[in-house]
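Each remark here refers to the structure printed beneath this line.
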């Protein structure tokens, strides 16, 4: 049978399965593809194909993730599933697989477990906007009171970590029954996809956000002012617009007098484009790599923030020893390294390689940042950790 071509006309959403080990995340992922394949919305993908997830490198960290794609009548989805707990932690912190929403899988037989909590907390920290719950393995629970109890526990846990626990759709079903083609199993998968379609909001496209471009390089063209190059991260820049140069020094205002791409002049540059931008009246020495060009007022420089960080294990090429309070590595934001000091919470003496931790950072120079910004921690040029800004403190 010929493969159905995916329609790119539908809005696209990135999603992923999260939850405790052995609660059925991978079985559910397989079940979604198998049920949707019946209406031509997916290629049926077996459990073993998803479980044998390839390794990928993201910001110097090796992560195993499996990707499947499927579509409902309203949307096109890219779905990520990770084999191991450590892969989830790394994935969510590095943003290797960006999630616009998540499906939290909880076994009805066990109820919420330690990793259920940790994944909900991580989702909150890294800014996953919404999630839907799939209460799996209901075929193993005969007592309806017990099911109600588990549902209440899940709702309380979601509320505790700042999600709207009372509103979140909870779908009860069995991924195994869906894989076996049983009608009640398939019905639950269809209900789940309806909930995902309606409850997980459509993400704001990069081009609709305010203009931002990290500066990678600076050139001066004799008689034609200064050109900065980089890849536009978000928004659109038009010739003649005012922009700010933010980070490392005091914020400066300038005007874009030209946009170039592949040596051709354009009227505008947009998210995803690698461009050169001509700046009016800005001297070569006033701009440097590590700053950003941005829409005026849209982003501010900061030097103190809280972060959620994954610290590489020795086997991953990270440190061999733990670090303590006042550790001073380099923090790599977008295009440059800045030295910073780590302040651990009062109850934490040290952070071991392989851990994930929350702490405060004080940089020696301010960087243009907003909550959700990803960074790497480096020591002598090698990556020893990856993090995400969870709160700005100044």
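Here the Cβ of each residue, glycine as well, is placed from N, Cα and C on the backbone.
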When you get a sec, could you say which of 136-139, 140-143, 144-147, 148-151 is annotated region 'G4' by Swiss-Prot? 136-139
Annotated region 'G2' segment (source Swiss-Prot; candidates 60-64, 65-69, 70-74, 75-79): 60-64
Spatial neighbours of the region 'G2' (60-64) far in sequence, C-beta under 8 Å, 6+ residues away: 53-54, 82-84, 87, 90-91, 94, 96, 310, 312, 316-317, 376, 382-383, 386
Could you pull the average pLDDT for the region 'G4' (136-139)? 98
List the residues of the same chain that sit at least 6 positions away from residue 19 (GTP binding site) in sequence and have their Cβ under 8 Å from its Cβ, in sequence order, or write 'none'. 25, 104, 105, 106, 115, 116, 119
Which residues, sitting 6 or more apart from residue 26 (Mg(2+) binding site) on the same chain, put a CB under 8 Å from its CB? 17, 47, 50, 51, 66, 81, 83
